[in-house]
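Trainee: Look at TrEMBL and you will find 48-473 tagged as domain 'Major facilitator superfamily (MFS) profile'. The feature region 'Disordered' is assigned by TrEMBL to 1-36. The annotation transmembrane segment is assigned in TrEMBL to 85-106, 113-131, 137-162, 174-193, 205-225, 257-278, 307-328, 340-361, 367-395, 407-425, 445-467.
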Amino acid sequence: MPLGEHMSDSAPFFSSDNEAEPLEGGAERQREEEESASGVSRVRALLTVFILCYINLLNYMDRFTVAGVLPDIELYFNIDDGKSGLLQTVFICSYMILAPVFGYLGDRYNRKYIMCGGITFWSVVTLTSSYTPKQHFWALLLTRGLVGVGEASYSTIAPTIIADLYVKEKRTCMLSIFYFAIPVGSGLGYIVGSQVSAVAKDWHWALRVTPALGLIAVLLLLFVVQEPKRGAVEARAELHQTSWMTDLQALSKNCSFVLSTFGFTAVAFVTGSLALWAPTFLFRAAIFTGKKAPCVDEAHCASSESLIFGIITVITGVLGVFSGVQVSRQLRKKTPRADPLVCAAGLLLSAPFLFLAIVFAQGSTVATYAFIFLGETFLSMNWAIVADILLYVVVPTRRSTAEALQIVISHLLGDAGSPYMIGVLSDSLRKTDSFLWQFRSLQLSLMLCSFIAVVGGAFFLATALFIESDRSRAENYVPIADEPIVVPKSGRSTHVPVSSVLI
């Protein structure tokens with residue numbers, strides 16, 4: 001029996017195919033002319049990218065709203081730097097643990113409905129976290145951890161939908177649009193967090209903005225986004241889903257995937273550390289230099305550092321992602337190794353500027369912000385390119401699993417522990433509780449980021465050695481005989497060898 005007959009028995013939720021109803025006669029021919037091989041019209045495909053971009057922006061807004069009001073949270077709950085770092089760590093840990101689960105589901109079932117459920121859950125939990133009482137810091141930790149569950153359902157799946165809508169230069173362009181939302185959303189998180197807190201005179205209100213916007217995102221997903229056919233736009237022979245263990249074994253042997261994942265881990269470590277601690281570090285620097293008075297209001301700390309850092313993050317993110325894609329596009333004309341080389345250059349160039357920003361914080365505010373601007377610009381060059389590398393060195397039926405695995409590794413060794421590590425290191429270096437040592441200990445701790453950036457650059461340089469062969473292998477991939485595949489039927493998965501299906 002052909003594989004297509006098995007697939008046709010699946011219920012809509014368990015279907016990997018296009019959701020569109022078959023049309024008759026001339027209407028069908030007209031629809032085929034308007035639609036790409038993905039089964040999604042050009043207009044709807046473009047709307048899908050913008051909706052996914054909007055949701056990605058909300059994800060990062062919510063993630064960094066906490067960082068924008070961190071001084072308020074520290075004073076409100078009377079916690080030290082180590083416990084403050086846990087707010088980001090518990091979120092990343094749950095996000096990281098659940099990513100493989102959603103990666104597995106995303107490679108096999110309807111991705112749109114998985115995202116809808118995850119975003120709804122994320123919105124509800126985020127709203128709940130804003131009502132945490134003063135005596136129960138553990139409840140804030142718990143709810144922030146649960147937020148990661150919702151985000152994992154989205155981040156592992158969304159890039160694979162874009163990959164099933166576009167190829168080559170168009171895919172790179174659309175991914176760059178999608179990844180613009182990361183720095184822009186992060187920056188807006190600082191801005192919205194600090195400004196809503198300032199207007200309401202209460203940091204709790206900062207956590208009540210994104211849930212309402214999240215419900216709008218769910219409605220857009222349900223009524224506008226359409227599930228594309230997996231891998232159809234890449235004009236290759238029909239691919240079959242293999243078992244999860246087969247997928248993991250194949251990915252572990254993919255040198256470009258493994259090395260670029262470790263390189264991206266360094267990006268995650270640095271961005272995770274800066275995301276949580278940079279506004280607080282700048283605020284302490286202002287107190288240390290006498291430009292700001294210490295915070296005394298436990299409901300709201302008057303701080304402009306989060307606003308300024310947020311604006312810088314938005315601008316540098318847009319510049320970094322755009323310049324990274326453009327430099328890579330031009331360099332591809334000269335070498336097929338352009339993508340990992342640009343990623344390596346971005347990390348290696350960001351390291352000295354981030355180091356200088358940390359050193360100059362005690363002397364010149366203008367110089368500090370200038371170096372932060374340059375360091376974050378070079379750091380942001382990686383986002384869209386790393387995603388593109390994964391998509392063209394991994395076959396379509398393994399991409400959600402690859403996304404999930406990359407999320408697990410990069411967060412496990414990167415930003416899952418880096419905020420907490422920086423906080424604990426800061427506490428251990430602090431000799432007294434004076435404003436001098438509150439600033440100095442955090443300053444010394446953040447210098448670790450420059451070293452990690454250099455290590456990440458080395459991993460991307462190593463990726464360049466394998467990128468050509470791994471890309472060629474993925475583009476010409478044909479399932480080997482007797483390789484176990486997964487045939488969904490009536491919502492259940494059955495493992496059968498490829499040879500039996502081909503017969």
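For all residues, glycine too, the Cβ spot is worked out from N, Cα and C.
These figures come from a predicted structure and were not determined experimentally.
Describe the structural surroundings of these features, if you would.
Mentor: Sequence-distant contacts of the transmembrane segment (137-162) (same chain, at least 6 residues past either end, Cβ-Cβ under 8 Å): 48-49, 52, 55-56, 59, 62-63, 66, 73, 77, 79, 83, 86-87, 90-96, 98-99, 101-103, 106-107, 111, 114-115, 117-123, 125-126, 128-129, 171, 174-175, 178, 225, 227-228, 387, 390-391, 396, 399-400, 403-404, 407.
Counting only same-chain residues 6+ beyond the ends of the transmembrane segment (174-193), those with a CB under 8 A from a CB of the stretch are 49-50, 52-54, 56-69, 158-159, 162, 165-166, 203, 206, 209, 275, 279, 306-307, 309-318, 320-322, 325, 376, 380, 383-384, 387-388, 391.
With a cut-off of 8 Å between Cβ atoms, the residues of this chain six or more beyond the transmembrane segment (307-328) that come close are 68, 172-173, 176, 179-180, 182-184, 186-191, 194-195, 278-279, 282, 338-339, 342-343, 346, 369, 372-373, 376-385.
Within its own chain, the transmembrane segment (340-361) is flanked in space by residues 256, 260, 263, 266-267, 270, 274, 281-282, 285, 320, 324, 327-328, 331, 367-369, 371-372, 374-382, 385-386, 389, 439, 443, 446-447, 449-451, 453-454, 456-458, 460-461, 463-464, 467, which lie at least six positions past its ends and keep a Cβ under 8 Å from the stretch.
Residues 80-89, 92-93, 95-97, 99-100, 103, 152, 155-156, 261-262, 264-273, 275-277, 441-442, 444-446, 448 of the same chain sit 6 or more residues outside the transmembrane segment (407-425) yet have a Cβ under 8 Å from a Cβ within it.
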Trainee: Under 8 Å, at least 3 Cβ pairs, sequence separation 6 or more: does that hold for the transmembrane segment (445-467) versus the transmembrane segment (257-278)?
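Mentor: Judged by the Cβ rule, the two regions touch, with the required three close pairs present.
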Trainee: Would you mind listing the long-range same-chain contacts of the transmembrane segment (113-131), meaning Cβ under 8 Å and 6+ residues beyond its ends?
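Mentor: Cβ under 8 Å, 6 or more out: 13, 55, 59, 62, 102, 105-106, 139-140, 143-144, 146-147, 149-154, 157-158, 204-208, 210-212, 214-215, 217-218, 221-222.
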Trainee: Let me spell it out: take the transmembrane segment (85-106), skip the flanking residues so only those 6+ beyond its ends count, and list any with a Cβ under 8 Å from a Cβ in it.
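Mentor: Residues 63, 66-67, 70, 73, 114, 118, 140-142, 144-149, 151-153, 155-157, 160, 244, 272, 275-277, 400-405, 407-408, 411-412, 415-417, 419-424.
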